[in-house]
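Down below is the structure, laid out as structure tokens.
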Amino acid sequence: MLKIVILLSAVVCALGGTVPEGLLPQLDGRIVGGSATTISSFPWQISLQRSGSHSCGGSIYSANIIVTAAHCLQSVSASVLQVRAGSTYWSSGGVVAKVSSFKNHEGYNANTMVNDIAVIRLSSSLSFSSSIKAISLATYNPANGASAAVSGWGTQSSGSSSIPSQLQYVNVNIVSQSQCASSTYGYGSQIRNTMICAAASGKDACQGDSGGPLVSGGVLVGVVSWGYGCAYSNYPGVYADVAVLRSWVVSTANSI
């Protein structure tokens, strides 16, 4: 998630906003501690691209609606955005759809990262197949310690500037909001009620995975948001809590 590996000034410039000191939104990169996979295993995964380059991840909510992170859509116009779906590779294959419009959560705050969620409407509808499928939104949070998976084309380590061509995934375990904010971990009061965490030793999402899916029990439970470094000890990855933000996603998808 947002990792501490790029100069803060560069990130602020790229994203057009500010973030807490040491807590950086994930830019281009790769899953840490994970494995290569294929899109058929994560058919809801998309690559959100700016001017043809991978920028963030996202999840297919319906044939023409994508769920991603609000910080992925700061200071950008829909005209330079596109989505690649149905491909294991962010740079080729599958189908490419232009972005018609998008909306960030009105309560999104780039300083605290609360409400870090957004909805994208595509210019054309996706045709569902074995490699393009929608994923349901969680209606409640999984139990602390529940198994989950996060996927994306994010960096393999903190500070890496290389982007893998093939989709990566990693298995992690849910860390509840209360547990993530406890003294067990290092975030404290930075964990808010619109966030959920996930962690596993030496495993995490990293720059470039932002906006992508955290899936548990076959439903979307989180949207990759931020964190301290990539797979740093005592700092789980932090995600927008889909169960908490579900009603906003549903209403926005119907109105955007």
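Positions of Cβ are set from backbone N, Cα and C atoms, glycine also.
Of the listed cysteines C13, C56, Swiss-Prot assigns the disulfide bond with C72 to C56. Taking the Cα of C56 (disulfide bond) as the reference point, the closest of the recorded positions H71, D116, C197 is H71. Counting only residues at least six positions away in the same chain, the Cβ atoms of I174, V175, S176, Q177, Q179, C180, Y185, I191, P236, G237, V238, Y239 sit under 8 Å from the Cβ of C197 (disulfide bond).
Spacing of C72 (disulfide bond) relative to D116 (active site, charge relay system) is 9 Å (Cα to Cα, whole number). Nearest in space to D116 (active site, charge relay system), taking C-alpha to C-alpha distance over the recorded positions H71, S210, C230, is H71.
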